[in-house]
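Engineer: Please see the structure below; I have some questions.
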Amino acid sequence: MFRAVQCSVNPDVNCRLWQRAPGKVLLDAVCNHLNLVEGDYFGLEFPDHKKITVRPKHVVVKFVVKFFPPDHTQLQEELTRYLFALQVKQDLAQGRLTCNDTSAALLISHIVQSEIGDFDEASDREHLAKNKYIPQQDALEDKIVEFHHNHIGQTPAESDFQLLEIARRLEMYGIRLHPAKDREGTKINLAVANTGILVFQGFTKINAFNWAKVRKLSFKRKRFLIKLRPDANSSYQDTLEFLMASRDFCKSFWKICVEHHAFFRLFEEPKPKPKPVLFSRGSSFRFSGRTQKQVLDYVKEGGHKKVQFERKHSKIQSIRSLATPPTEPNSEVPKQVTASQPSPGAAPEPAGAPPGAAPTAPEERPSPAPPRSPAGGGKAAGAPRAPAEEEEEDGAAAAAAEDRSPQSKAQPPQPSTGSLTGSPHLSELSINSQGGAVPASVILSPNLSPDTKQSSPLVSPLLNDQACPRTDDEEEGRRKRFPTDKAYFIAKEVSTTERTYLKDLEVITSWFQSTVSKEDAMPEALKSLIFPNFEPLHKFHTSFLKETEQRLALWEGRSNAHIRGDYQRIGDVLLKNIQGMKQLAAHLWKHSEALEALETGIRSSRRLENLCRDFELQKVCYLPLNTFLLRPLHRLMHYKQVLERLCKHHPPSHPDFRDCRAALAEITEMVAQLHGTMIKMENFQKLHELKKDLIGIDNLVIPGREFIRLGSLSKLSGKGLQQRMFFLFNDVLLYTSRGLTASNQFKVHGQLPLYGMTIEESEDEWGVPHCLTLRGQRQSIIVAASSRSEMEKWVEDIQMAIDLAEKSSGPTPEFLASSPPDNKSPDEATVADQESEDDLSASRTSLERQAPHRGNTMVHVCWHRNTSVSMVDFSVAVENQLSGNLLRKFKNSNGWQKLWVVFTNFCLFFYKSHQDNHPLASLPLLGYSLTIPSESEDIHKDYVFKLHFKSHVYYFRAESEYTFERWMEVIRSATSSASRTHILSHKESHVY
């Protein structure tokens with residue numbers, strides 16, 4: 001059972017220490033002992049009717065989960081999830097967590113997988129005979145064994161994750177019932193959750209009062225009072241009254257409500273109420289401790305140190321922070337490295353601790369979060385004590401406090417974020433501890449939750465500082481053998497980027513085609529439009545890459561050294577192959593048609609939609625699928641840029657100049673022919689990508705609509721500043737909030753037509769920095785940007801969009817609807833569940849699953865980094881792609897580690913070598929600063945640049961001055977948005 005602490009307070013031992021110590025001291029000691037960074041979710045509990053006296057004989061204090069977040073991916077530490085799993089296990093055994101037989105069997109199957117490992121029927125039945133997880137377990141034994149068979153290969157960490165995924169959807173998850181009566185004397189139960197106050201009759205929820213609807217909470221003697229905000233559509237009275245068993249019960253429940261409201265709804269700990277000079281009226285109790293928003297921010301900062309812990313219930317020992325990627329595309333939990341022996345360095349189990357209770361840890365521990373008062377159901381052992389004179393008249397201020405909902409909606413399940421790395425939800429580098437790759441969605445971001453499907457901090461033999469190879473001498477030797485001509489490094493860039501381009505083509509010609517061939521989901525006409533137009537390109541560029549690498553080998557003198565001087569050029573190779581590409585132009589023209597046909601097919605077929613969605617969750621598909629369909633068009637621009645640099649570098653007398661100039665003329669002609677199609681398809685692709693991130697919108701992709709900018713702004717309302725995600729198009733501005741769902745999509749809250757809109761700065765009027773007022777014909781809103789530069793970008797783009805709307809007779813906001821239509825074929829009627837913030841209180845069974853959704857898209861990065869990007873930035877990013885080897889060093893490490901790095905889509909993707917099919921980890925660069933190390937940083941190497949964001953610092957080392965300048969150039973394009981005014985000169989506006 002989950003009893004992380006069972007303390008016997010002996011008056012003869014440390015009597016004076018414990019006599020006067022509040023419960024918070026014990027709670028802090030427990031969290032420190034466990035190295036529990038996210039201790040704010042827990043509390044101490046003791047029986048309701050047992051008073052702690054000055055010299056108690058024996059008091060049992062239980063360490064329990066106090067705050068249950070709406071989404072378990074917000075729990076960013078594996079130890080925290082383990083303790084939550086133990087709490088679920090205890091609630092099942094005690095009958096608190098009620099559910100149907102199927103859900104119960106599935107929950108127990110994950111517990112069994114965590115405790116004894118992979119399926120073995122004899123072991124399973126023996127284990128179930130010795131351990132009773134629910135009262136009527138025997139009747140479910142066969143079903144439990146059947147479910148357990150499906151979990152083979154699942155680590156304890158994954159089992160915890162899946163257990164919580166199922167449990168959180170149950171109506172009684174985290175519910176602690178408090179008996180009461182309504183005004184008619186009917187027996188009911190009250191409960192409090194992250195969403196608000198709930199009313200139950202037995203175990204059936206009959207009502208819910210969301211925090212947003214509650215104006216004030218108070219109690220008077222035995223009466224618990226809820227004052228609601230005025231609502232013309234509501235049939236409820238202004239104030240609801242419930243009668244509880246006693247004043248103490250009533251006050252205890254009121255305190256629990258105050259704490260839940262503050263923890264889940266406020267940005268910061270509320271300030272204490274000043275004590276009156278003479279008379280006291282009302283309770284002085286206030287929530288004490290960090291809010292969930294502050295806990296999430298603290299963990300994301302990564303200031304704590306990862307330590308090992310031991311699972312007392314499990315025969316499989318696990319080590320925190322050593323994780324591998326999920327076994328399935330939609331599993332976002334990090335796998336653990338498992339061993340047959342206890343974790344090295346783990347401290348022995350403390351004397352007196354119950355079997356299977358507390359995970360133990362080494363002596364060196366991070367500073368845990370300041371813990372809180374006990375969970376509901378027990379007296380407040382660690383709670384701040386109210387004065388003895390307090391009146392119950394107006395105990396409230398809970399809901400009356402500033403109701404600013406924090407961004408605690410974690411980045412949830414990002415299947416591609418690994419534990420999301422969890423995340424969503426990441427240490428800066430999320431990696432497979434076995435040296436394998438993390439799913440594509442694994443991202444390295446201090447602002448994305450490390451354990452969302454989003455990612456967690458993972459330590460890997462490959463990317464961990466202690467295991468990274470020391471390559472200094474080797475690289476110095478190789479560098480001395482390299483040619484020093486700049487043209488050589490330009491030619492080498494052709495080779496390195498061609499390797500990446502070939503891998504991107506294989507995503508379509510090999511991986512996607514193989515997936516399609518296994519299922520009869522794609523029409524033959526669509527297959528014949530996509531694959532026959534990509535396979536000739538793959539064959540051609542395979543030959544092109546081989547020829548380029550052979551030339552570089554001659555240039556470096558690795559073969560035929562006596563004729564090396566004749567081959568120190570690349571223009572002839574480029575000219576020959578670009579002329580060959582012109583023969584493939586017919587295939588290039590088909591790519592835009594293939595992209596449109598694929599999106600049309602997805603809209604009309606649920607099976608094809610599911611197939612493409614599942615493929616995007618595979619590790620090899622590290623970008624949105626439709627992006628790979630546009631890669632051949634993007635690659636033409638890369639050839640053009642390379643040839644422009646070569647022509648600028650070579651004097652006209654150079655033997656390679658003529659071939660380079662001829663090749664440049666050929667590729668410029670091809671780019672000019674396809675430029676209009678490219679602009680049109682980039683906008684088309686971006687609209688479809690955004691459509692996947694939004695819910696509550698219909699017909700986003702229509703002829704004439706252009707995407708302009710997306711980003712995070714704070715919207716001023718009666719509740720204060722609330723973070724919202726804004727999407728600007730050429731006809732409408734949408735604002736959304738992030739849902740607390742597994743899909744991590746953004747729910748549309750409102751839309752402002754741009755026609756007739758005005759925009760003005762209003763910092764002085766509202767007293768909010770970087771504030772704007774947007775006045776539409778039917779609605780006005782006040783928003784605030786995170787910085788002056790962000791505000792100026794929004795002003796520039798919104799004003800431009802308003803001007804376009806005034807001149808255009810194009811789309812109108814009526815194209816945006818409240819819910820998307822279902823135009824799938826009738827035989828594919830199964831609709832994936834979608835859950836909005838308002839739906840969280842709805843009852844769901846454990847087997848209901850939402851469609852997986854990529855949680856590391858650019859929309860989510862902008863949300864977490866509180867920034868924005870424009871379509872101009874995306875267009876620049878398409879041109880600024882780069883690949884090659886870099887040496888990487890952490891801030892506190894000594895050696896350098898060699899990695900193959902790909903820069904694309906505002907992100908660095910890390911591979912062990914260029915031969916790998918999928919990245920080990922990724923690092924979104926929005927919000928990062930790019931600088932050169934100072935002398936005080938003691939680097940003492942050439943061609944080193946530095947990336948840092950808050951406390952995260954990385955050093956990267958290039959092989960030459962040219963490659964150093966190129967990496968600086970492309971990364972700078974991602975870390976600082978380009979100005980529209982100087983970019984649009986060569987990006988004409990096109991609509992389709």
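Counting starts with 1 at the first residue shown.
Quick reminder: no glycine exception, Cβ is built from N, Cα and C everywhere.
Annotation source TrEMBL lists compositional bias 'Pro residues' at 345-357. Residues or ranges marked as compositional bias 'Polar residues' by TrEMBL: 417-435, 444-458. Residues or ranges marked as domain 'FERM' in TrEMBL: 1-268. Marked as domain 'DH' by TrEMBL: 486-677. The feature domain 'PH' is assigned by TrEMBL to 706-803, 879-976. Here TrEMBL flags 309-480, 808-850 as region 'Disordered'.
Could you place the listed features in the three-dimensional structure?
Structural biologist: As a whole-number mean, the pLDDT of the domain 'DH' (486-677) in this prediction is 90.
Helix, strand and coil content of the domain 'PH' (879-976), in residues and according to DSSP, is 19 helix, 41 strand, 38 coil.
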Engineer: Go through 1-268, 706-803, 879-976 and flag the stretch with the largest number of C-beta pairs under 8 Å relative to the domain 'DH' (486-677).
Structural biologist: 879-976
Engineer: Take the domain 'PH' (706-803) and count its residues per DSSP category (helix H/G/I, strand E/B, coil), listing them in that order.
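Structural biologist: Its residues divide into 20 helix, 50 strand, 28 coil.
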